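See below for the structure under consideration.
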Amino acid sequence: MTLYSCCLILLLFTWNTAAYGPNQRAQKKGDIILGGLFPIHFGVAAKDQDLKSRPESVECIRYNFRGFRWLQAMIFAIEEINSSPTLLPNMTLGYRIFDTCNTVSKALEATLSFVAQNKIDSLNLDEFCNCSEHIPSTIAVVGATGSGISTAVANLLGLFYIPQVSYASSSRLLSNKNQFKSFLRTIPNDEHQATAMADIIEYFRWNWVGTIAADDDYGRPGIEKFREEAEERDICIDFSELISQYSDEEEIQQVVEVIQNSTARVIVVFSSGPDLEPLIKEIVRRNITGKIWLASEAWASSSLIAMPEFFRVIGSTIGFALKAGQIPGFREFLQKVHPKKSTNNGFAKEFWEETFNCYLPDGSKNSPSSTSFHKSHEEGLGAGNGTAAFRPPCTGDENITSVETPYMDYTHLRISYNVYLAVYSIAHALQDIYTCTPGKGLFTNGSCADIKKVEAWQVPFSNCSRDCLPGTRKGIIEGEPTCCFECVDCPDGEYSDETDASACDKCPEDYWSNENHTSCIPKQIEFLSWTEPFGIALTLFAVLGIFLTSFVLGVFTKFRNTPIVKATNRELSYLLLFSLLCCFSSSLFFIGEPQNWTCRLRQPAFGISFVLCISCILVKTNRVLLVFEAKIPTSLHRKWWGLNLQFLLVFLCTFVQIVICVIWLYTAPPSSYRNHELEDEIIFITCHEGSLMALGFLIGYTCLLAAICFFFAFKSRKLPENFNEAKFITFSMLIFFIVWISFIPAYASTYGKFVSAVEVIAILAASFGLLACIFFNKVYIILFKPSRNTIEEVRCSTAAHAFKVAARATLRRSNVSRKRSNSLGGSTGSTPSSSISSKSNHEDPFPLPASAERQRQQQRGCKQKVSFGSGTVTLSLSFEEPQKNAMANRNAKRRNSLEAQNSDESLMRHRALLPLQNSEPLSAEPGFQAASSPETSSQESVVGDTKEEVPTPEVEPSLPSANSRNFIGTGGGSVTENTVHS
């Protein structure tokens, strides 16, 4: 069964390779087989095929005499090596050579034949059947010609580690050893040629050129390298077009139109002869002259282009050519070719027919498959120098030297010499295996390979140093020859994309080397983005602050006529909330990719918003403090602290900050900046502030106002409870200072996007501190404690503060008098430590009528405990409607008596603002006025903010009375009942 299977496989392989008849290959047996790939034809015939029928192999057309000469160079080198007594003695090299037809499909078809033969050879079928036609494995392949074809072949041969030595493929892409592990060549790559083209253009001082490239792996990389070199030399490119021998007529005409309409006189062409030929024909047809052509080596000496009829168009061509070499005896070898003598060369028959424009009869020594070949000619499928139907028969006695063809043009052997070198390079590698000494070999444990059973991967390495892979460069070793070197990794920021690079190239400014240093990748761009988690969190906090501030503003607007809103200086509170909205909003300018306009807007927006906020707090605090410290507020005080002047002071404080920002933006405006220096692999997009001194002035002025505000708030911390915003302002200023003092070292120690993040955090923290400390307590009272948001609460708190100050002053003077009398030997009777007394209400000589008594019971009142020293006084206050208490006020004036006459000065200091009303006329609400000495009986109605405002059109009632009762002292003295009338 095993024998049957093996023979079946061999039979299938033999049938498969029958498609390549003797006419389509050159083959000779040997101990070691070399493969060959040569373009015996320029292309294939176009044939419409669809999926309805079985695909058939396309016919090769347009015979290539130079390609046949290259094939002959390989056969000549192999026969010369077989005849050498020193190189591979007692060994015979064989060959299997196929025609690529200058196409990838035909080249891969031939390459599969090499691979399949190697796999069958690895089955060792000789042990099971008499395989007389057995062919050894193909140890290496010489070819192919075009870079695009060699790329496809190298990808396939590389899978099986079969060495490939190309003689004409110059694309720089093939230098990538990571992709093409087994590819070698005897021709330099195109980088040097592209550089030389740019040097020529620079030498002639041309700076306006066009480019044309073949649409394959030869033309595209070559012209790309030229564009890079041209850009470095300030050479401009007018147009860049791609061509192919298989382009349709319309595409060719479009390219010709571009050339004809272009003002560039110099055209650089990276293409092969077959790809360029259709374009040149159309240019000749249109008679487009006056162009200078810069030709790559692939078409500069092509027989398809070097035609007499083309000279008037391409006569002004500067071309590149490979270095020529000499092959002794090769001329005579070329002249010996004959179909009857070259039995191993199946291409000789077609060569003879094309050379002499005749056809050989079927009785030749070729295999029967030649019949099909002639049938194709008779059917017109062949495309040689003539049509087979009209060719005379060949005699076989024709003289090869009598006909002038590219085949016999051996004066400058370039590609042929490269083929010759490729065969000899493989032979010398095999010679190293042949002469290997066991124990000193290149394989495991120093073993040597069997020359007659050598595998493709056993081709030895015979260099002083291993190849330096991409990502490394060659480093010099002291005391060693130049061919001995060490591979040094490219440093960060540099790369090498070729094998055995002598130096690493630096990456562009916005790029960085990848992990293997084989290419450059764009640097990572970093800034405080809207989409990253940190940016999203900061944005949410800013939006939360805007929402909360808007909510507080809405609450204050809705409850604008309530006492607690009036007590906070309503208009300034609105302006303060607006400034907090601006503070929260300014933090959003620090998020997102910095642009020039955002960089110039964000710091002034932050600075002006905070100064406006702190200016409002400063004016509010200072106004209350100065009014309470005034003994008797006059019209001058009321005018000086009017609402208009408060807004003016806020504007002046803010205007200073605006001036600082304007000077900053005019002299050194901030701008967006791409920072490459902080980290190698990251570009930080930040704002360059322009002037750190200006930023310092901006923040310093803000902190100065905050310090002044903190001073006034701390000084007024003991004012009445309804005026005591100072306590909360003090806390907010402490938070403000803590935030910005912490900001300075954090700002100085961070870099990149974290600089913006630190400032955003500082802005949000300071803004939340101001909002929470100043407004949250009031919003809580308004919404959840409405009982405390009444005029009685406000007046009771104010009255308690006034009596507290007066009582303390009285106690101090009483203590001083008592100590003075004791020192002078005064009365030794029991004297209380403190005393506040008044006549009892029971002794009132003017009793109220019954109706007035009922009104007193219905009046509003409150109780306040006033603590001072070691005592506590419970103060009960009641407030009557003004319209009902006119008579009670007149009676109260007659019986008002207060024994603590020495406290008049202290009481008078606080009487002015007992009914705290911000910008509200006094007639709109009940009033309260402390009693004075008998001499001071005149009524003074003082408005909290200004007297200039127009009162409401209501009838101004008489002032109400405030009755103080039930003074219970616990400080060691006696306090009797007292009635105070206002």
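Numbering starts at 1 and runs along the chain as it is shown here.
Cβ atoms are placed via backbone N, Cα and C, with glycine included.
Note: TrEMBL annotation is automatic and uncurated.
Summarising the annotation, TrEMBL assigns signal peptide to 1-19.
Taken from TrEMBL, the feature transmembrane segment covers 534-556 (among others).
Taken from TrEMBL, the feature domain 'G-protein coupled receptors family 3 profile' applies to 534-798.
The annotation transmembrane segment is assigned in TrEMBL to 572-592 (among others).
Here TrEMBL flags 604-626 (among others) as transmembrane segment.
If you look up TrEMBL, you'll see 647-666 (among others) marked as transmembrane segment. Residues of the same chain lying 6 or more positions beyond the ends of the transmembrane segment (647-666) and with a Cβ under 8 Å from any Cβ of it are 571-572, 575, 600, 603-604, 607-608, 611-612, 614-616, 618-619, 690-691, 694-695, 697-698, 701-702, 705.
Outside the transmembrane segment (692-714), and at least 6 residues removed from its termini, the chain residues within Cβ reach (under 8 Å) are 603-604, 607, 610-611, 614-615, 617-618, 621-622, 625, 653, 656-657, 660-661, 663-664, 667-668, 725-727, 729-730, 733-734, 736-737, 740. What TrEMBL records for 692-714 (among others) is transmembrane segment.
Outside the transmembrane segment (726-748) by six or more residues, the chain places 614, 617, 621, 624-625, 699, 702-703, 706-707, 709-710, 712-717, 719, 755, 758-759, 762, 765-766, 769-770, 772-774, 777 with a CB less than 8 A from a CB of the stretch. Taken from TrEMBL, the feature transmembrane segment applies to 726-748 (among others).
According to TrEMBL, the feature transmembrane segment maps to 754-776 (among others).
Here TrEMBL flags 814-865 (among others) as region 'Disordered'.
As annotated by TrEMBL, compositional bias 'Low complexity' applies to 822-839 (among others).
For 877-905 (among others), the entry in TrEMBL reads region 'Disordered'.
Summarising the annotation, TrEMBL assigns region 'Disordered' to 920-982 (among others).
Sequence annotations record features per position, and here TrEMBL assigns compositional bias 'Polar residues' to 930-941.
Annotated compositional bias 'Low complexity' per TrEMBL: 952-961 (among others), in sequence order.
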What else in the chain is close to the transmembrane segment (534-556), if you only count residues 6 or more beyond its ends and a Cβ gap under 8 Å? 528, 565, 570, 573-574, 577-578, 580-581, 583-585, 587-588, 591-592, 757, 760-761, 764, 767-768, 771, 775-776, 779, 782-783
Which whole number is the mean pLDDT over the domain 'G-protein coupled receptors family 3 profile' (534-798)? 80
Per the Cβ filter (under 8 Å) with a sequence gap of at least 6 from its ends, the transmembrane segment (604-626) is approached by 568-569, 572-573, 575-576, 579-580, 582-583, 585-587, 589, 637, 641, 646, 649-650, 653-654, 656-658, 660-661, 664-665, 698-699, 701-702, 705-706, 708-709, 712-713, 715-716, 719, 723, 725-726, 729, 732, 736, 759, 763, 766, 770, 774
